[in-house]
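In what follows, a structure is listed as structure tokens, so that the remarks can point back to it.
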Amino acid sequence: MGSLEDERSLLEDGLIQNERSSQYTGDGSVDFHGKPILKQNTGNWRACPFILGTEGCERLAYYGIATNLVTYLTNKLHEGNVSAARNVTTWQGTCYLTPLIGAVIADAYWGRYWTIAAFSTIYFIGMCTLTLSASVPALMPVECVGSVCPSATPAQYAVFFLGLYLIALGTGGIKPCVSSFGADQFDDTDPRERVKKGSFFNWFYFSINIGALISSSFIVWIQDNAGWGLGFGIPALFMGIAIASFFSGTPLYRFQKPGGSPITRMCQVLVASFRKRNIEVPKESSRLYETQDKYSAIEGSRKLEHTEELKCLDKAAVPSDAEIKRGDFSNPWILCTVTQVEELKILIRMFPIWATGIVFSAVYAQMSTMFVEQGMVMDTTLGSFTIPPASLSSFDVISVIFWVPIYDRVIVPIARKFTGKERGFSELQRMGIGLFLSVLCMSAAALVEIRRLQIANELGLVDEGVAVPLSIFWQIPQYFLLGAAEVFTFIGQLEFFYDQSPDAMRSLCSALSLLTTSLGNYLSSLILTLVTYFTTKGGSVGWIPDNLNEGHLDYFFWLLAGLSFLNMLVYIVCARRYKRKKAS
């Protein structure tokens, strides 16, 4: 009788313990003070409005500077076209490289919350400095007198570029951390919250494009018509609102602890596996070294299950006879845990998927280059209005704003019925659909150009560098397709690099996904250079001459469509072979 009561007591204790544990997050997240955190009071969608508000305001501030920067450099700092373009591209490239710095600091030392807080402050100081450089008379270059435009003084240049590059540094701590910090608000171990996380990435990208739309319309108009001091001051104000919004949500946030330098851990695996290159890896994975505790030896990380590929790296987790004899497993430069080895394996498995994103980013770069140049030789009038060719990029933003709710509320529920997946499509399927849409986008641009050249030939405009009477609104389909491709590919990338990255490397992997944008711009420049070199041999005008009416921009678009198609095929092969992360 006593034994039955004891069993019942133990069972009740177990049920109570399970009930208590289900009230807390199971992914290692903690509250602001580092204590275990209750699900019902924190995170989830209740914390997300503050994070989405932060991102929307920060992107409005960023695009409020970036969209019209070349105009300020040429009209106010009196730079030449080449110098201004070079300064803009250099600055934008820096904005996509600095996230690597912010990511390492977040993952290794400060955590995502404090990294966002610190770099947002730097960002705000940069915005204020830029506003002062366009408002204080002593910091502004002298206005042009007729055709004579005095150059800015070294001091004026210094203040302006100090502000500009403080913004580049600030964005490096925000870009890789905000999306990951938002996703941290959903417990990976809770199936219901895991579904909501996929929806969060959709609305996160939606908030980015709301900020971009306001900047490309309202802020640009203010800068051109009401002055640059006010035009830079409004984005600075919104950056201040972004910081206030972020701090306002602090009591509701869930925090992940930093796990130490991911670069150091990867180096330790490489060094340990090289030192043990002559050791044979045991067939039973249970003989590989792993901590006996419930949690991983890496702070803020769950344990990762062993996988069979890349056996050479497993050598780092094989204890030698001498280590077993001493019972000393404390030197990670000699012996690593299975979780640590699997972290590096995951990054290596991700690499082919990551690389295919570079070609997509090269296609995306055409929106601000070749699409604009194509639009400049089309009919840009609408009644008595003249439409700036660059303004059609707003249709890309409108497309994203249209597709995000459609995808989240319509496509996902329908796809869920057919695929059985909680998010409708897996991240890899979603990215693949986006790559296919990018092929259609380039094909649409090529077809518009073919028709434009036909009209130019029929009207005898081939030798004249004038606009062809074909409405610029024929470009809308290519912009709309590009926006749809963004919703699938870029948001799919955000999901993929968060979900599949090791827990303690999520900021770093987010930074690597952003790096594809930078590399895609460089690839686009390289393709353009090679096309110009090979098509102008022998005195030919080439595909992309100054007078596009006598060129063949359509061939360039077909080339990109072909590269995108090949890239999609490579992606499909890599995606089919990809083995997903398995966390305990």
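Backbone N, Cα and C atoms are what each Cβ position is placed from, and that goes for glycine too.
What TrEMBL lists as transmembrane segment is 113-135 (among others).
Annotated transmembrane segment per TrEMBL: 155-174 (among others), in sequence order. Under 8 Å from some Cβ of the transmembrane segment (155-174) lie the Cβ atoms of residues 58, 62, 65, 77, 91, 94-95, 97-102, 105-106, 115-116, 118-133, 139-141, all in the same chain and six or more residues away from its ends.
Sequence-distant contacts of the transmembrane segment (200-222) (same chain, six or more residues past either end, CB-CB distance under 8 Å): 45, 48, 51-53, 55-64, 67-68, 178-179, 182-183, 185-186, 230-231, 234-235, 391, 393-394, 397-398, 400-401, 404-405, 407-408, 486-487, 490-491, 494-495, 498. Sequence annotations record features per position, and here TrEMBL assigns transmembrane segment to 200-222 (among others).
For the transmembrane segment (228-247), the list of distant contacts is 50-51, 53-58, 60-62, 64-65, 68, 72, 76, 116-117, 120-121, 123-124, 127-128, 130-131, 134-135, 215, 219-220, 222: same-chain residues at least six beyond its ends, Cβ to Cβ under 8 Å. Feature annotation from TrEMBL assigns transmembrane segment to 228-247 (among others).
TrEMBL lists 346-367 (among others) with the feature transmembrane segment.
Residues or ranges marked as transmembrane segment by TrEMBL: 387-407 (among others).
Among the features that TrEMBL reports, transmembrane segment is placed at 428-448 (among others).
For the transmembrane segment (479-498), the list of distant contacts is 179-180, 183, 197-198, 201-202, 204-205, 350, 353-354, 357, 360, 363-364, 367, 371, 392-393, 395-400, 402-404, 407, 423, 427-428, 430-431, 433-435, 437-438, 440-441, 444, 506, 509-510, 512-513, 516: same-chain residues at least six beyond its ends, Cβ to Cβ under 8 Å. Per TrEMBL, the feature transmembrane segment maps to 479-498 (among others).
As annotated by TrEMBL, transmembrane segment applies to 510-535 (among others).
For the transmembrane segment (555-574), the list of distant contacts is 352-353, 356, 359-360, 362-363, 366, 370, 431-432, 435-436, 438-439, 442-443, 445-446, 449, 527, 531, 543-544: same-chain residues at least six beyond its ends, Cβ to Cβ under 8 Å. TrEMBL lists 555-574 (among others) with the feature transmembrane segment.
Take the transmembrane segment (510-535) and the stretches 113-135, 346-367, 387-407, 428-448: counting Cβ pairs under 8 Å, 346-367 has the most.
Per-stretch counts of Cβ pairs under 8 Å to the transmembrane segment (346-367) identify 428-448 as the leading one among 113-135, 387-407, 428-448.
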